[in-house]
Amino acid sequence: MEFPDLGAHCSEPSCQRLDFLPLKCDACSGIFCADHVAYAHHHCGSAYQKDIQVPVCPLCNVPVPVARGEPPDRAVGEHIDRDCRSDPAQQKRKIFTNKCERSGCRQREMMKLTCDRCGRNFCIKHRHPLDHDCSGEGHPTSRAGLAAISRAQGLASTSTVPSPSRTLPSSSSPSRATPQLPPRTTSPVIALQNGLSEDEALQRALELSLAEAKPQIPSSQEEEDLALAQALSASEAEYQQQQAQSRSLKPSNCSLC
């Protein structure tokens, strides 16, 4: 007696055996016999969906959960950066304490990389204003520019302070007190250099310092030095004249054939 509707044939092309107790693969949903139901025996193309492995942290030996489709190396790296309890990981977190403030980025750096426009801290990849969609306005000012502005403001404040002799009225003639005019605000560079260029102002300062350091020489000594210098120059000129005359009077050894 035959039962044609009982059982099913094996889906393996090389087998095709009629099995009365067929088995269904939970990965590819194929029907196989007991000999080919394993993933490796029928070369299942969907076996990777069931081959789930949980990576283990190499430092603390704790299993790290991984989402579907996420690389295990990335999950282990984030676990070491945030949740690992081992000594090397905790020491690393103490060094890399500057977290990037861009949304979605978890990178940490050893030093602060602050944006000059918005003032927030970012990692190396997102330190430029275009990389983190900077909301700050205007162009950033460098540290040298800020220092120059502060120096100019300091010079301007010192140049505009009135002297005590101008502000205090004279006690001898109180009736002749004149109304004081507001001080003029001049440029700190012009007030410092008196309208000269930088090279001229530097040369003028050097001349003044040399004049102050030079000792006062009596006028008689200056006259003696001048006379001595004139005598030396005259003797030098006379010697050169004698040398020129001796060279001109020297007979020439050249002869024309």
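Glycine is no exception: its Cβ is also placed from the backbone N, Cα and C atoms.
Residues or ranges marked as zinc finger in Swiss-Prot: 4-52 (among others). With DSSP classes pooled into helix, strand and coil, the tally for the zinc finger (4-52) is 3 helix, 8 strand, 38 coil.
In sequence order, Cys10, Ser11, Glu12, Cys15, His42 make up the list of same-chain residues 6 or more apart from His36 (Zn(2+) 1 binding site) whose Cβ falls under 8 Å from its Cβ. Positions annotated as Zn(2+) 1 binding site by Swiss-Prot: Cys10, Cys15, Cys33, His36.
Across the zinc finger (94-142), the prediction's mean pLDDT works out to 78. Taken from Swiss-Prot, the feature zinc finger covers 94-142 (among others), and the record attributes it to sequence analysis.
Here Swiss-Prot flags 153-187 as region 'Disordered'.
For 197-216, the entry in Swiss-Prot reads domain 'UIM 1'.
Taken from Swiss-Prot, the feature domain 'UIM 2' applies to 221-240. Within the chain, the domain 'UIM 2' (221-240) has no long-range Cβ neighbours under 8 A that lie six or more residues past its boundaries.
Taking Cβ-Cβ distances under 8 Å and a sequence gap of 6 or more within the same chain, the neighbours of Cys33 (Zn(2+) 1 binding site) are Cys10, Glu12, Cys15, Arg17, Asp19, Pro22, Leu23. Look at the binding-site residues Cys10, Cys15 and count other Cβ atoms within 10 Å of each Cβ; Cys15 has the fewest. Other residues of the chain with a Cβ within 8 Å of the Cβ centroid of Cys10, Cys15, Cys33, His36, the Zn(2+) 1 site, are Ser11, Glu12, Gln16, Arg17, Asp19, Phe32, Ala34, Asp35, Val37, His42. Per DSSP, the secondary structure of the zinc finger (94-142) breaks down as 2 helix, 6 strand, 41 coil.
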